[in-house]
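Residues or ranges marked as active site, proton acceptor by Swiss-Prot: Asp72, His143. What Swiss-Prot records for Asp141, Glu148 is active site, for ring-opening step. The site 'Part of the allosteric site' annotation in Swiss-Prot covers Ser151, Arg158, Lys160, Thr161, Tyr254 and is backed by sequence analysis.
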Amino acid sequence: MRLIIRPTYEDISKWAANHVAQKIKEFSPTREKPFILGLPTGSSPIGMYKNLIKLYKDEKISFQNVITFNMDEYIGIEKNHPESYHSFMWKNFFSHIDIKKENINILNGNALNLKKECEEYEKKIKSFGGIMLFVGGIGPDGHIAFNEPGSSLTSRTRIKTLTQDTIIANSRFFEGNVNKVPKSALTVGVGTIMDSQEILIIVNGHNKARALKHAIEKGVNHMWTISALQLHKNTIIVSDKKATYELKIGTVEYFNDIERENFNNDLK
(Lines of atoms letter the chains of each structure in order from A and count residues from 1; the text may use other names and numbers.)
(Lines give C-alpha, C1' and ligand atoms only; values in the text may rest on other atoms or scores of the structure.)
Protein backbone atom coordinates (compact mmCIF):
# COMPACT_ATOMS: atom_id res chain seq x y z
CA MET A 1 0.00 0.00 0.00
CA ARG A 2 1.22 3.47 -0.91
CA LEU A 3 0.36 6.67 0.95
CA ILE A 4 0.79 10.03 -0.78
CA ILE A 5 0.47 12.94 1.69
CA ARG A 6 -0.03 16.44 0.32
CA PRO A 7 -0.73 19.66 2.24
CA THR A 8 -4.30 20.46 1.17
CA TYR A 9 -7.49 19.06 -0.36
CA GLU A 10 -6.75 21.03 -3.53
CA ASP A 11 -3.35 19.33 -3.78
CA ILE A 12 -4.72 15.79 -3.41
CA SER A 13 -7.56 16.52 -5.86
CA LYS A 14 -5.04 17.58 -8.50
CA TRP A 15 -2.79 14.60 -7.74
CA ALA A 16 -5.70 12.14 -8.04
CA ALA A 17 -6.90 13.67 -11.32
CA ASN A 18 -3.40 13.58 -12.80
CA HIS A 19 -3.02 9.94 -11.76
CA VAL A 20 -6.33 8.91 -13.35
CA ALA A 21 -5.54 10.83 -16.55
CA GLN A 22 -2.04 9.36 -16.75
CA LYS A 23 -3.36 5.81 -16.40
CA ILE A 24 -5.84 6.38 -19.22
CA LYS A 25 -3.18 7.95 -21.47
CA GLU A 26 -0.70 5.14 -20.80
CA PHE A 27 -3.33 2.56 -21.73
CA SER A 28 -4.16 4.34 -25.02
CA PRO A 29 -7.77 3.12 -25.09
CA THR A 30 -9.66 2.46 -28.31
CA ARG A 31 -13.26 1.51 -29.04
CA GLU A 32 -12.20 -2.13 -29.21
CA LYS A 33 -9.95 -1.82 -26.14
CA PRO A 34 -11.60 0.63 -23.69
CA PHE A 35 -10.24 1.69 -20.32
CA ILE A 36 -12.50 0.49 -17.48
CA LEU A 37 -12.76 3.04 -14.65
CA GLY A 38 -14.58 2.74 -11.33
CA LEU A 39 -15.88 6.00 -9.87
CA PRO A 40 -17.23 7.33 -6.55
CA THR A 41 -19.62 10.05 -5.45
CA GLY A 42 -19.69 12.17 -2.29
CA SER A 43 -17.69 15.24 -1.36
CA SER A 44 -14.20 13.70 -1.54
CA PRO A 45 -13.93 13.28 -5.34
CA ILE A 46 -15.51 16.60 -6.38
CA GLY A 47 -12.13 18.34 -6.58
CA MET A 48 -10.71 15.48 -8.62
CA TYR A 49 -13.60 15.73 -11.07
CA LYS A 50 -13.02 19.48 -11.46
CA ASN A 51 -9.37 18.83 -12.27
CA LEU A 52 -10.23 16.06 -14.74
CA ILE A 53 -12.67 18.41 -16.48
CA LYS A 54 -9.88 21.00 -16.77
CA LEU A 55 -7.52 18.40 -18.22
CA TYR A 56 -10.20 17.50 -20.77
CA LYS A 57 -10.83 21.14 -21.70
CA ASP A 58 -7.08 21.65 -22.03
CA GLU A 59 -7.12 18.71 -24.50
CA LYS A 60 -4.78 16.64 -22.34
CA ILE A 61 -7.21 13.72 -21.93
CA SER A 62 -10.23 12.20 -23.69
CA PHE A 63 -12.91 9.95 -22.21
CA GLN A 64 -14.39 8.76 -25.51
CA ASN A 65 -13.04 5.24 -25.03
CA VAL A 66 -13.48 5.04 -21.26
CA ILE A 67 -16.20 2.87 -19.71
CA THR A 68 -17.22 3.78 -16.16
CA PHE A 69 -18.85 1.85 -13.33
CA ASN A 70 -20.04 3.80 -10.31
CA MET A 71 -19.77 2.40 -6.80
CA ASP A 72 -23.32 2.80 -5.57
CA GLU A 73 -26.79 4.32 -5.76
CA TYR A 74 -29.60 4.96 -3.31
CA ILE A 75 -32.67 2.74 -3.38
CA GLY A 76 -36.04 4.40 -3.89
CA ILE A 77 -35.21 7.79 -5.38
CA GLU A 78 -35.55 8.57 -9.08
CA LYS A 79 -32.53 8.99 -11.33
CA ASN A 80 -33.43 12.65 -11.86
CA HIS A 81 -33.72 13.36 -8.12
CA PRO A 82 -31.17 16.12 -7.35
CA GLU A 83 -29.42 13.92 -4.76
CA SER A 84 -29.36 10.67 -6.73
CA TYR A 85 -25.90 9.54 -7.70
CA HIS A 86 -26.98 9.61 -11.35
CA SER A 87 -27.64 13.35 -10.94
CA PHE A 88 -24.42 13.85 -9.00
CA MET A 89 -22.28 12.27 -11.70
CA TRP A 90 -23.89 14.19 -14.56
CA LYS A 91 -23.76 17.48 -12.68
CA ASN A 92 -20.18 17.16 -11.45
CA PHE A 93 -18.49 15.23 -14.24
CA PHE A 94 -20.18 13.47 -17.15
CA SER A 95 -21.92 16.50 -18.69
CA HIS A 96 -18.57 18.33 -18.90
CA ILE A 97 -16.52 15.71 -20.77
CA ASP A 98 -16.70 13.68 -23.99
CA ILE A 99 -17.73 10.35 -22.48
CA LYS A 100 -20.35 8.40 -24.44
CA LYS A 101 -23.64 7.91 -22.61
CA GLU A 102 -23.67 4.21 -23.45
CA ASN A 103 -20.32 3.82 -21.68
CA ILE A 104 -21.69 5.01 -18.32
CA ASN A 105 -22.84 2.37 -15.84
CA ILE A 106 -24.64 3.27 -12.60
CA LEU A 107 -26.74 0.91 -10.50
CA ASN A 108 -30.51 1.37 -10.78
CA GLY A 109 -31.98 1.79 -7.30
CA ASN A 110 -35.50 1.53 -8.74
CA ALA A 111 -35.06 -1.73 -10.64
CA LEU A 112 -38.01 -4.12 -10.30
CA ASN A 113 -35.64 -6.86 -9.18
CA LEU A 114 -32.83 -5.31 -7.13
CA LYS A 115 -31.04 -8.62 -6.55
CA LYS A 116 -30.93 -9.27 -10.30
CA GLU A 117 -29.73 -5.69 -10.88
CA CYS A 118 -26.75 -6.37 -8.61
CA GLU A 119 -25.98 -9.71 -10.24
CA GLU A 120 -26.11 -8.19 -13.74
CA TYR A 121 -23.79 -5.37 -12.64
CA GLU A 122 -21.19 -7.89 -11.52
CA LYS A 123 -21.54 -9.79 -14.80
CA LYS A 124 -21.11 -6.63 -16.85
CA ILE A 125 -17.94 -5.67 -14.98
CA LYS A 126 -16.53 -9.15 -15.60
CA SER A 127 -17.52 -9.01 -19.28
CA PHE A 128 -15.04 -6.15 -19.72
CA GLY A 129 -12.30 -8.01 -17.89
CA GLY A 130 -12.77 -6.16 -14.60
CA ILE A 131 -12.06 -2.65 -13.38
CA MET A 132 -8.63 -1.32 -14.28
CA LEU A 133 -8.65 1.57 -11.80
CA PHE A 134 -11.25 2.00 -9.06
CA VAL A 135 -11.30 5.42 -7.40
CA GLY A 136 -13.01 5.81 -4.02
CA GLY A 137 -13.31 7.77 -0.81
CA ILE A 138 -13.97 6.65 2.74
CA GLY A 139 -16.39 7.57 5.49
CA PRO A 140 -15.35 8.60 9.01
CA ASP A 141 -16.11 5.02 10.11
CA GLY A 142 -13.83 3.62 7.42
CA HIS A 143 -16.52 2.41 5.05
CA ILE A 144 -15.76 2.22 1.35
CA ALA A 145 -18.66 2.58 -1.10
CA PHE A 146 -21.64 1.63 1.11
CA ASN A 147 -19.81 -1.28 2.73
CA GLU A 148 -20.63 -0.27 6.28
CA PRO A 149 -18.79 -1.57 9.38
CA GLY A 150 -19.30 -5.31 9.71
CA SER A 151 -19.53 -5.91 5.96
CA SER A 152 -17.95 -9.06 4.58
CA LEU A 153 -14.55 -8.35 3.10
CA THR A 154 -15.39 -10.73 0.24
CA SER A 155 -18.81 -9.17 -0.46
CA ARG A 156 -20.13 -8.55 -3.97
CA THR A 157 -22.58 -5.99 -5.37
CA ARG A 158 -25.72 -6.14 -3.23
CA ILE A 159 -28.45 -4.33 -1.27
CA LYS A 160 -27.09 -2.67 1.87
CA THR A 161 -28.88 -1.03 4.80
CA LEU A 162 -27.20 2.24 5.77
CA THR A 163 -26.04 2.87 9.32
CA GLN A 164 -27.41 5.79 11.29
CA ASP A 165 -23.97 7.43 11.18
CA THR A 166 -23.98 7.32 7.37
CA ILE A 167 -27.55 8.61 7.21
CA ILE A 168 -26.64 11.53 9.49
CA ALA A 169 -23.47 12.26 7.48
CA ASN A 170 -25.41 12.23 4.19
CA SER A 171 -28.24 14.39 5.53
CA ARG A 172 -26.14 17.43 4.59
CA PHE A 173 -27.15 16.66 1.01
CA PHE A 174 -30.83 16.42 1.98
CA GLU A 175 -31.40 19.83 3.59
CA GLY A 176 -30.01 18.51 6.88
CA ASN A 177 -33.08 16.29 7.29
CA VAL A 178 -32.20 12.69 8.20
CA ASN A 179 -35.76 11.62 7.38
CA LYS A 180 -35.20 12.49 3.72
CA VAL A 181 -32.10 10.31 3.38
CA PRO A 182 -32.77 6.86 1.85
CA LYS A 183 -32.24 4.07 4.36
CA SER A 184 -30.72 1.59 1.92
CA ALA A 185 -28.63 1.50 -1.23
CA LEU A 186 -27.13 -0.73 -3.89
CA THR A 187 -23.36 -0.94 -3.62
CA VAL A 188 -20.42 -2.78 -5.09
CA GLY A 189 -18.89 -5.11 -2.53
CA VAL A 190 -15.49 -5.03 -0.91
CA GLY A 191 -14.63 -8.08 -3.00
CA THR A 192 -15.74 -6.27 -6.15
CA ILE A 193 -13.36 -3.41 -5.39
CA MET A 194 -10.55 -5.79 -4.43
CA ASP A 195 -10.80 -7.45 -7.85
CA SER A 196 -9.70 -4.18 -9.50
CA GLN A 197 -6.21 -3.99 -10.97
CA GLU A 198 -5.54 -0.77 -9.06
CA ILE A 199 -7.34 1.18 -6.32
CA LEU A 200 -6.99 4.90 -5.60
CA ILE A 201 -8.53 6.25 -2.39
CA ILE A 202 -8.99 9.96 -1.64
CA VAL A 203 -8.94 10.88 2.06
CA ASN A 204 -9.33 14.41 3.40
CA GLY A 205 -10.16 16.22 6.61
CA HIS A 206 -9.84 15.77 10.37
CA ASN A 207 -12.95 13.58 10.51
CA LYS A 208 -11.25 10.92 8.37
CA ALA A 209 -8.10 10.73 10.53
CA ARG A 210 -9.22 7.75 12.62
CA ALA A 211 -10.29 5.85 9.51
CA LEU A 212 -6.92 6.50 7.87
CA LYS A 213 -5.14 5.22 10.97
CA HIS A 214 -7.09 1.95 10.73
CA ALA A 215 -6.38 1.75 7.00
CA ILE A 216 -2.62 2.19 7.42
CA GLU A 217 -1.53 1.20 10.93
CA LYS A 218 -4.10 -1.26 12.26
CA GLY A 219 -4.88 -4.82 11.19
CA VAL A 220 -7.45 -5.99 8.66
CA ASN A 221 -10.87 -5.79 10.32
CA HIS A 222 -14.36 -6.01 8.86
CA MET A 223 -15.46 -3.22 11.21
CA TRP A 224 -13.18 -0.93 9.17
CA THR A 225 -13.76 -2.10 5.61
CA ILE A 226 -11.10 0.25 4.23
CA SER A 227 -8.52 -1.93 6.03
CA ALA A 228 -9.12 -4.72 3.49
CA LEU A 229 -7.08 -2.72 1.00
CA GLN A 230 -3.94 -3.70 2.93
CA LEU A 231 -4.32 -7.04 1.15
CA HIS A 232 -4.52 -5.51 -2.33
CA LYS A 233 -1.37 -5.60 -4.45
CA ASN A 234 -1.77 -2.12 -5.93
CA THR A 235 -3.50 0.43 -3.67
CA ILE A 236 -2.69 4.13 -3.39
CA ILE A 237 -4.17 6.36 -0.70
CA VAL A 238 -3.78 10.08 -1.37
CA SER A 239 -4.41 12.13 1.77
CA ASP A 240 -4.29 15.72 2.88
CA LYS A 241 -2.29 16.62 5.98
CA LYS A 242 -5.39 17.01 8.19
CA ALA A 243 -6.37 13.37 7.69
CA THR A 244 -2.96 12.17 8.93
CA TYR A 245 -3.21 13.67 12.42
CA GLU A 246 -3.79 10.30 14.13
CA LEU A 247 -0.95 8.55 12.33
CA LYS A 248 2.35 8.06 14.14
CA ILE A 249 5.01 10.64 13.28
CA GLY A 250 7.24 7.81 12.11
CA THR A 251 4.56 6.56 9.72
CA VAL A 252 4.13 9.98 8.15
CA GLU A 253 7.89 10.51 7.83
CA TYR A 254 8.35 7.05 6.31
CA PHE A 255 5.79 7.56 3.55
CA ASN A 256 6.93 11.13 2.90
CA ASP A 257 10.47 9.85 2.46
CA ILE A 258 9.72 6.99 0.07
CA GLU A 259 7.14 8.94 -1.98
CA ARG A 260 8.99 12.25 -2.16
CA GLU A 261 9.77 11.91 -5.86
CA ASN A 262 6.11 11.17 -6.64
CA PHE A 263 4.61 14.32 -5.11
CA ASN A 264 4.59 16.11 -8.46
CA ASN A 265 2.74 14.00 -11.04
CA ASP A 266 1.74 16.72 -13.50
CA LEU A 267 0.95 15.43 -16.98
CA LYS A 268 3.74 15.94 -19.46
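Including glycine, each Cβ sits where the backbone N, Cα and C put it.
Within 10 Å of Ser151 (site 'Part of the allosteric site'), judged by CA to CA distance, lie the following active-site residues from the set Asp72, Asp141, His143: His143. The distance from the Cα of Asp141 (active site, for ring-opening step) to the Cα of Glu148 (active site, for ring-opening step) comes to 8 Å.
The Cβ of Asp72 (active site, proton acceptor) lies under 8 Å from the Cβ of Thr41, Tyr85, Leu107, Ala145, Phe146, Ala185, Leu186, Thr187, Val188, each on the same chain and at least six residues away in sequence. The shortest Cα-Cα distance from Tyr254 (site 'Part of the allosteric site') to any of the recorded positions (His143, Glu148, Arg158, Lys160, Thr161) is found for His143.
The DSSP secondary structure for Ser151 (site 'Part of the allosteric site') is coil.
Annotation for Lys160 (site 'Part of the allosteric site'): same-chain Cβ neighbours under 8 Å, separated by at least 6 residues, are Phe146, Asn147, Glu148, Ser151, Ser184, Ala185, Leu186, Thr187.
Here the C-alpha separation of Thr161 (site 'Part of the allosteric site') and His143 (active site, proton acceptor) works out to 13 Å.
Taking a C-beta cut-off of under 8 Å and a sequence gap of six or more, Arg158 (site 'Part of the allosteric site') has these contacts in its own chain: Lys115, Cys118, Leu186, Thr187, Gly189. His143 (active site, proton acceptor) falls within neither a helix nor a strand when secondary structure is assigned with DSSP, and so counts as coil.
For the recorded sites listed here (Ser151, Thr161), the lowest count of other CB atoms within 10 A around the CB belongs to Thr161.
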